[in-house]
Amino acid sequence: MISFELTEEQKAIQKMARDFVRKEIIPIAAEYDEKEEIPWQVIEKVFKAGLMNLHVPVEYGGQGVDFITEAIVAEEMAYGCLGINGTFGNNALALTPLLIAGTEEQKEKFLKPFCAKPNLAAFCLTEPEAGSDVSAIKTTARLEGDEWVLNGTKCFITNGGVASLYTVFATVDRSKGIKGITAFLVPGDTPGIYGGKKEKKMGDRASHVAEVILENVRIPRENVLGEVGSGFKIAMQTLDQTRPMIGATAVGVARRALDEALKYAKERKQFGRPIAEFQAIQFMLADMAMQIEAARALVWKACWMLDQGMKATKEGAMAKCFASDVAMRVTVDAVQILGGYGYMRDYPVEKLMRDAKITQIYEGTNQIQRLVIGRELLKD
Ligand code: COS
């Protein structure tokens, strides 16, 4: 059975997120992009509005919504600002390993207090020499008595240095390759874990992305997630669930660019007419709208599969890859429609174009997504 009709709850949360974005995010997005800072007051308001930790079950203090609802909210939030959404949306990436592999005790101990406040989490996988090739990570974990001792450097970590909880991937034995990779929970106040250099970014600038340094970080033995050596699979299973959300945010960025381009094309007069009356512009707007609809359909399909408990590795990669490529093309076209004004910071479209670029890169480059899709096709 296929239906694109949202449930009453989904319509209500979509409206709530849309109103929130209009009131709290759009008015300040350009300022925080310029300042390259997290608007902490907005994070608190997102939390109070019940729009944070959507995917975390209610019994651990989250909102317990399904994947489609999460995607609907992510689209609305990214319509307002990709970077601001990325700051609290990143909790989905960082907490999913705990939801997938955590024991009941770990969920009680870590999720409940985390979700009781507007806390941020960080997912620490990438390293200077291990981006697409996760198997190359060098951060080590050594068991000493009843404690794990972690050492290494992570890079490009969203919320690095400002998170209250870190999910850290480290190797217990480099000679074992991916079979040595293990996932750990590290509370943000643990001595030895701290934020390093904060990155200066092209776009996505209202999010805090930095190195995370681990220097003899000692955590209790029971902070290991799942089996020792299962970290790579946990990371891949996590990305299967979160890549569709990157797709949803890319749809939000693209939809905003289309709305800005439509508004401008109706107002801007050249040769005595609004430029929207020229077919050259109409065809661009039509292509933008078509691509956005197709991208959202792929995102919702992947989310629907996840909601049914199905494996959606291929569909999640398709949704992320297609939607982020769409966001890039649509935002470039929006800048083109706005012409010289589009290139200037007084209008929001140049920011959308800068923001769109990262969606083709993070949570696996679009080359990696194509590789994942190709492998899945060959398996089928
Ligand atoms: N779910 C469950 N298990 C998975 C899986 C998935 N989605 N993907 C891979 N695995 C398992 C495989 O089944 C295999 O298990 P066995 O050894 O038991 O057979 C194992 O993991 C290794 O898989 P594979 O051979 O595909 O690993 P590769 O080293 O070739 O790496 C890629 C695969 C490149 C796809 C992976 O490293 C990747 O996604 N890289 C990008 C990482 C990324 O997104 N980084 C961004 C950081 S987050 S901002």
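Each position is counted from 1, following the chain as shown.
Placement of Cβ uses the backbone N, Cα and C atoms for every residue, glycine included.
Now, the feature entries from TrEMBL:
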type	residues	note
DOMAIN	7-116	domain 'Acyl-CoA dehydrogenase/oxidase N-terminal'
DOMAIN	122-217	domain 'Acyl-CoA oxidase/dehydrogenase middle'
DOMAIN	229-378	domain 'Acyl-CoA dehydrogenase/oxidase C-terminal'
Worksheet item: For the domain 'Acyl-CoA dehydrogenase/oxidase N-terminal' (7-116), what does DSSP give as the number of helix, strand and coil residues?
Response: 86 helix, 0 strand, 24 coil
Item to complete: Summarise the model confidence on the domain 'Acyl-CoA oxidase/dehydrogenase middle' (122-217) as a single mean pLDDT, whole number.
Response: 97
